[in-house]
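Heads up: the structure comes next, in structure tokens.
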Amino acid sequence: MKRSTVSPIRKPTMRFLSYLAFAILPMTSVRAADSVDYVRDVLPIFETYCIGCHADSDAEGNLAMDSHAALINGGEHGLAITAGAPTSSRLFLMMTGKMDPAMPPEGEQRPSEDELAVIASWIEQGAIGPDGDIPIKRKLRTPKIETGPNVALPITAIAGSPDGTLRAVARFGQIEMQDTDGKVLRVIRGDFGKVNSVRFDRAGSRLLIASGVAGSYGEAALFSVDSGDLLSTMIGHRDVLYAAEFSPDETQIVTAGYDRDILLWNIESGEAVRQFTGHNGAVFDLAFSPDGKILVSGCADETVKVWNVETGQRLDTLNQPEGEVFAVDVTADGKFILAVSSDNRLRVWSLRSVDKPRINPIVATRFVDESPLEMMAATPDGRAVVVISEAGNIKVIRTSDWNQAAILDPVRGSASDLSISDDGKTVWVSLMNGSMARRTLPKIGDAAAVATDPISPIYLDLGTAGNATETPETETLDAVTDVPRGVVATGKISPPGDSDYFRFDARQGEVWAIEVSPANSGTAASRIDPIAAVLDSDGQPVLRTRLQAVRDSYFTFRGKDSSQTSDFRLFNWEEMHLNEFLYAAGEVTRLAMYPRGPDSGFNVYPNEGQRWTYFGTSHTTHALGEPAFIVRPLASGEEPAANGLPVFDVYYENDDDPTRMSGSSSRILFTAPSDGAYTVRVGDTRGEGGDEYGYVMKLRAAAPSFTASVSAISKPLRRGTGREATLRVDRLDGFDGAVTFDVTGLPDDVVTNFPVTIQPGQRSAQAVVWVGESAKGWEGEMTPPLVARGTAAGRQIERQAGSLGKLQIQDRPSVIASIRPSDSKSSGSGAPGDRAAGTPTVDAAEQNWTLRVGRGETVSATVVLDRAEGFKNEVSFGKENAGRNAAHGVYVDNIGLNGLLALEGMTEREFFITADPVAELGPRTFFLTAAADGGVTTHPITVEVTE
């Protein structure tokens with residue numbers, strides 16, 4: 001197996017050797033009578049002075065000097081050595097400084113007279129090469145420096161035996177076997193130098209180490225734990241090893257290091273059986289999946305790669321890290337890949353590429369510390385991961401939600417390795433000062449145990465609200481107006497900068513709606529842009545929640561105004577997920593739809609119209625390059641994680657309705673944190689005021705509810721196709737539940753997807769009315785009524801939603817589209833058979849089938865077009881919202897900026913449906929709408945989201 005040598009230290013670049021003039025030296029001073037051996041005498045000199053710039057992997061002037069054959073072949077301008085004639089050898093003349101440019105270059109250490117004499121003698125003796133392959137491991141030509149008698153050697157690696165009775169502590173040239181009290185039982189010594197990794201086998205009888213010499217070789221060695229005897233060595237790397245791991249069945253060992261390659265060894269034969277290539281930097285860590293089929297590697301090239309162990313095939317490259325990846329792991333259940341890197345983050349991917357190349361989606365990114373993360377280890381029970389940073393900070397990350405569970409006392413000095421005891425109670429950290437640090441691991445609870453129960457909301461029925469009027473005495477906090485529980489107050493902000501105050505009593509858990517709107521009378525419109533806030537009895541703003549930043553970002557490409565919902569382009573968007581909260585400049589939005597490619601951005605809620613804000617924050621504009629953060633709300637009493645990212649306090653204050661139903665009016669939904677008196681402060685956002693700045697302040701008990709509406713069908717139904725209607729709800733006073741629409745009065749041969757449910761937190765859904773080519777139909781028009789039902793605060797709510805429209809039937813359109821399976825993930829008695837493309841599809845039962853897609857997976861289906869004679873136009877099925885009535889998180893994927901498009905004359909088009917991990921489990925109807933004949937739909941199918 002051909003190996004390449006890559007040195008971690010490069011010398012300054014040598015100039016080309018072939019185009020320069022040279023002078024001849026007398027050679028009497030460099031003759032030598034002794035036979036010169038290439039491997040023993042010559043190659044070490046080249047390694048010291050030349051190979052840093054003239055290695056096969058990066059040869060200046062195409063002159064490689066790390067193999068005899070390459071050296072004799074010369075460079076791109078001819079031979080460098082003339083065998084038998086040192087005075088005709090350009091290489092030698094440059095080394096002696098008698099030919100320009102002198103090599104090594106000025107400022108670099110030059111060969112001694114004795115070393116030059118060796119080179120001259122070797123050339124004169126015929127420049128003979130090695131007899132066979134050059135041994136990779138050779139004796140170093142370095143000065144020996146004795147270590148002082150009282151100096152503690154650095155500890156470079158540690159490991160605990162599976163039964164917890166032994167601890168291996170590696171120092172330079174030796175490995176101490178210690179008991180649980182730290183007593184040294186025996187010492188394994190050897191010429192292995194610095195040990196970068198040490199591992200016990202499952203039985204605790206063998207010890208595997210990774211070592212080597214930078215720029216020379218890498219070595220893995222197996223030792224007997226009981227006797228300390230060397231059992232075998234594996235030498236095949238051309239540079240130092242950083243990692244060596246047993247396979248789960250312990251028949252193989254995998255190694256990696258600075259030379260970028262990964263080698264798989266058969267333990268019994270000691271031979272390298274497979275090579276994994278593809279990394280572009282030092283490989284720092286390796287990890288097997290529990291079944292041994294998958295290998296994961298972490299590299300200085302800022303990637304994690306996933307490999308098939310049996311074939312060596314690269315299954316995926318995870319390129320989200322923005323710094324060197326120092327440690328990787330696979331969870332004990334084989335479901336997740338973990339990695340820590342120099343960009344201060346822990347990343348978690350779902351392991352999907354177990355049998356073929358597939359995308360392994362990232363599921364979590366956590367900013368853990370303000371310094372690079374260097375190592376990690378999972379607890380034996382798999383409930384936590386311990387991470388150590390370059391600064392010596394130790395964080396414990398809970399694996400149930402990948403959030404920080406604990407902070408341990410930091411270590412003093414530079415950490416080199418860590419090990420967790422077999423009982424999961426103790427973390428051992430080795431230090432370069434030669435000592436060991438011990439930390440006790442706390443018990444790690446479930447994520448739900450961290451949060452305290454929120455205050456239970458209390459919804460009141462106070463009857464008719466009273467009235468109040470602002471007086472001059474209400475313009476300071478010392479002279480507020482006391483108002484009843486439930487009131488409509490009027491006033492004006494005058495002079496500029498004025499604020500009015502209204503005090504009321506509330507009990508813990510009561511939910512109040514506070515609305516401040518311009519007081520418009522007749523044709524005179526108020527100029528106020530109101531802002532409202534809730535103060536406590538001490539006049540301080542009342543805290544609503546605290547938001548912990550878990551990921552930092554910024555706006556790219558362009559900024560955003562205060563109402564846009566689309567094209568939020570954010571740095572490192574690949575590590576963000578649907579439904580996450582985005583904080584920027586005091587405003588909190590929520591991610592609703594992924595970008596469709598590199599030239600697009602996120603859509604935020606509600607994915608149409610003007611954007612919503614969350615936690616009662618105000619809408620604002622955002623500039624290009626402005627910082628933004630993914631945040632999570634902290635539970636009451638929960639301490640924020642010390643991850644180096646900010647924590648934002650959010651108070652009951654805003655100058656806009658978060659859902660924009662009230663325009664520029666201020667609207668606050670206030671839950672009293674405790675019994676007491678609270679004050680509503682009213683002012684103008686801009687600090688303006690005067691007689692034209694009147695307002696109306698309403699204080700009322702919140703009544704969660706909704707209003708329902710429909711964008712009705714306005715065009716005739718066409719046989720063989722359907723028409724869609726968009727169903728919407730406006731959510732009032734914090735109502736966030738599901739709303740289900742139903743219809744009555746349709747003939748039996750009309751197909752619909754009713755009842756249609758708008759999912760919790762969403763604003764809209766799509767209904768379809770479809771008629772077959774052979775449907776009887778009806779005379780004239782019909783207007784089927786719609787009703788919407790939901791549950792809020794324990795009450796069943798029913799609203800009339802209007803009509804589906806004035807429905808009538810006409811003949812078939814220019815194109816009839818239908819959705820058919822393209823793989824085996826479909827079922828149902830009506831699954832389509834083997835019809836030819838373009839054959840009319842008229843049977844409703846035949847089109848009623850189910851497509852199953854797992855969370856985090858992508859499946860395919862085919863849209864078939866039955867075109868009328870002469871109709872060859874391209875047919876668009878929409879862009880990011882092509883999947884009609886899809887569950888939130890289920891979307892048509894891989895469509896680019898042109899959307900789902902059937903080109904001119906095309907009769908079928910495969911498309912892909914992806915279910916995000918947030919997608920609700922279960923079945924939901926799904927259809928496509930073609931932009932032809934005023935928008936005609938396919939027959940609905942069912943898309944079922946599974947685990």
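Note: Cβ is positioned from N, Cα and C throughout, glycine not excepted.
TrEMBL: automatically predicted annotations, no manual curation.
Annotated in TrEMBL:
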- 1-32: signal peptide (SIGNAL)
- 50-107: domain 'Cytochrome C Planctomycete-type' (DOMAIN)
- 234-275: repeat 'WD' (REPEAT)
- 276-317: repeat 'WD' (REPEAT)
- 318-359: repeat 'WD' (REPEAT)
- 818-842: region 'Disordered' (REGION)
Sequence-remote partners of the repeat 'WD' (276-317) [C-beta within less than 8 Å, at least six residues beyond its ends]: 8, 242-245, 247-249, 252, 254-258, 260-264, 323-330, 332-334, 337, 339, 341, 347, 349, 351, 353-360
Distant-in-sequence neighbours of the repeat 'WD' (234-275), which means Cβ under 8 A and at least six residues beyond its ends: 1, 3-8, 136-137, 194, 196-197, 199, 201-202, 208-222, 281-292, 295, 297, 299, 307, 309, 312
Other parts of the chain folded back onto the repeat 'WD' (318-359), taken as Cβ under 8 Å at six or more residues beyond its ends: 281, 284-291, 293-294, 296-300, 302-306, 365-378, 382, 385, 387, 389, 397, 399, 402, 572, 574-575, 644, 856-857, 917
For the repeat 'WD' (234-275), the mean pLDDT of the predicted model: 96
Secondary structure tally of the repeat 'WD' (234-275) (DSSP, helix then strand then coil): 0 helix, 25 strand, 17 coil
Tally of residues which DSSP labels helix, strand or coil - the domain 'Cytochrome C Planctomycete-type' (50-107): 18 helix, 7 strand, 33 coil
